[in-house]
């Protein structure tokens, strides 16, 4: 029961390089390059950036064996993972099935993002991971600081606009960041898997119960600031208790993501060697606020603190209409996805000033878009065609 719970929770799913001497209060136990990229025969280099609020993040640059021989790179593309995941999710299957490897094989200059709190990033210049201040952030900070710095760093090195790929929470971050002109002007095009800006039509049974039972407030009452299912037996028991006597959670994966058609569940034990990664309680609360309020807005601190923080009691919204109409977008979404619900995707599309290219797969669930054994043909080839069309006037 516990390992299934951990598995599905993974699916809920210009700064200069920092030298080693700056990494004072934490470093990754493992290297993504060493863990997954080098063993597959691909080259990989580790980069670090520091956000404006002091977090030190890891980026990996991945190249195929052919790129190593020619020393030539195609357009830069950033892969941004979802909640309880990190950059490893793009490489967990074989090189013929994993998007990170596939993009490198097609000549892209592949960069892999890892947000604050994940095991592949480096902590903070002041706080340690045992400090509650370290975990005082939500997805809006991941968008405004983490993703913005990653894009800026890549743009500076490549001296060209970048392609942006996001999945799940990575799309929430992307939508929010792209409402900021300074970020949008550095992005050539965006491809979003399971796109989310609204969550009020979530129908995943276990998620609905978590929201109804105010799981986020329970965790706060326990005095927790981070959500780390690898280290907290209390968290696992708390979520497990939501099912007992209340609902059938025999198939945890379907109860929290929707039915996934093409996910290779025989590899779950292997995936659990890498997932899930930690996140913050505040981040979970912000996501639950989205579900309860039906809004795409900044974090709700309550009436008085909202006034102190934002200068108004009304929450500032991230307006999708501010994303430039000239920014090409591509979206892939599924009919069996109970997190990125079709109705919410349609609302997102209605508010965007552009008309994104769409790929709708009736049988695909939330996790299929990153771990499906057939995603190369079902999804990734269409994404690559979209990117190539944006560069048709270049020599690449």
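In case you wondered, yes, glycine gets a Cβ from its N, Cα and C as well.
Per TrEMBL, the features are as follows:
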type: SIGNAL; residues: 1-19; note: signal peptide
type: DOMAIN; residues: 34-92; note: domain 'Partial AB-hydrolase lipase'
type: ACT_SITE; residues: 168; note: active site, nucleophile
type: ACT_SITE; residues: 337; note: active site, charge relay system
type: ACT_SITE; residues: 366; note: active site, charge relay system
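As a summary of secondary structure, the domain 'Partial AB-hydrolase lipase' (34-92) carries 18 helix, 22 strand, 19 coil according to DSSP.
Taking CA atoms as the reference points, residue 337 (active site, charge relay system) and the residue listed as 'active site, nucleophile' are 11 Å apart.
Cα-Cα distance from residue 366 (active site, charge relay system) to residue 168 (active site, nucleophile): 8 Å (rounded to the nearest whole number).
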